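Q: Can you keep this structure in mind? I'll have questions shortly.
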Amino acid sequence: MSHSACPKPATARHSQALTGEIRIPGDKSISHRSFMFGGLASGKTRITGLLEGEDVINTGRAMQAMGARIRKEGDVWIINGVGNGCLLQPEAPLDFGNAGTGARLTMGLVGTYDMKTSFIGDASLSKRPMGRVLNPLREMGVQVEAAEGDRMPLTLIGPRTANPIAYRVPMASAQVKSAVLLAGLNTPGVTTVIEPVMTRDHTEKMLQGFGADLTVETDKDGVRHIRIVGQGKLTGQTIDVPGDPSSTAFPLVAALLVEGSDVTIRNVLMNPTRTGLILTLQEMGADIEIIDPRLAGGEDVADLRVRASKLKGVVVPPERAPSMIDEYPVLAIAASFAEGETVMDGLDELRVKESDRLAAVARGLEANGVDCTEGEMSLTVRGRPGGKGLGGGTVATHLDHRIAMSFLVMGLASEKPVTVDDSTMIATSFPEFMGMMAGLGAKIAESGAE
């Protein structure tokens, strides 16, 4: 799916107070896994609150291509799964569009099957490195035919019987951890993942919920040992997907920056591996009230009331990066309006996202008058309270939905408008973004729609 074929620029202008109550679309990580585990489990899985962005739908299509039956009735997705170990060889390559999570997790899921599976994606996904997932699969006996640098398009040829491995994850990556655990589902014996730095743990929680024999132990040094016994039975479940914290970040930061704003965001996932942004903003002085914290489907959920706040710069501890890796672009926007300097470090993962996200953010900030310094793995932003003199630039989004949404948020509070060169790809993660922001009072218009 090529987004660049017909780009839709959009411009955000200085807005009056944002007010109202919103419910954020379902969490992307949990939505991908709901389709995957539901498609793999025996019996019926029912999902409400699913994020219906293109990325997640592509994961659903991949599961259908391997035998799962998926349909929608009203607001509920109903999946009849094939049963663990019973995926079918797809007749055509699996097309993941822009979905890095869907592609990498599915590589783990199918790699250990005695079959041939091909993966393709859009221009952006085809540039992203897949070796980090392919290397442990190779250790399990999977043969890989890939484009140069272990990139897509690629084909996996599974072994007759996979070898269980103990794999130490070399970087903080939930996708690598998850791919190995999913490969372990169809592997005899015990597959172990050793995780020195904890990352989002939806795969572990959800697999346990579906009945997998999976245990997690944390040693005295904080290193997690996750063990899964292969070839067990998974059983269909009922899932209500909580709101995505990474999508929540955009209206949340907008409400903090636009003077006089008071916005309530309902049903937000508050899993501790995902709340780094909220913690950081609170340290900067953000007025974020956490209302009715509760458990839903084994996950922490709460409502957030966010009021406009005067922010001050902070140093963000690098070890917090895994819990907010997708939120750094919008944190950089918040930092642009804060008093003093904000230092973000440990950002090497941002270099291999949908774009080189670190460079894209730095260029976008510079184009809009922000004083910032880009390091190899760091970004330092010196803010201008009230957004005085900020804006007036056009941002190259590089087909990256989070860059587009972050800079549209900037334009709502900066003195001059901010334009992004394309907004079509926002649909990959947050199709309702434009309408939801407009409902709160944000002035965002697609070019030509003035």
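Any Cβ shown, glycine's included, is placed from N, Cα and C.
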Q: Looking at phosphoenolpyruvate binding as recorded in Swiss-Prot, which candidate out of R71, R128, R200 goes with K28, G100, Q175, R357, R402?
A: R128
Q: Nearest to R128 (phosphoenolpyruvate binding site) by Cα distance: which of the binding-site residues S29, R33, S173, D326, K353 is it?
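A: If we rank S29, R33, S173, D326, K353 by Cα distance to R128 (phosphoenolpyruvate binding site), first place goes to K353.
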Q: Between the Cα atoms of R357 (phosphoenolpyruvate binding site) and D326 (3-phosphoshikimate binding site), what distance do you get, rounded to the nearest Å?
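A: Answer for this pair: 9 Å between alpha carbons.
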Q: Write down the Cα-Cα distance for S173 (3-phosphoshikimate binding site) and K28 (phosphoenolpyruvate binding site), rounded and given in Å.
A: 16
Q: At the level of the C-alpha atoms, what whole-angstrom distance separates S173 (3-phosphoshikimate binding site) and G100 (phosphoenolpyruvate binding site)?
A: 12
Q: How big is the gap, in Å, between the Cα of D326 (3-phosphoshikimate binding site) and that of R402 (phosphoenolpyruvate binding site), rounded to a whole number?
A: 8
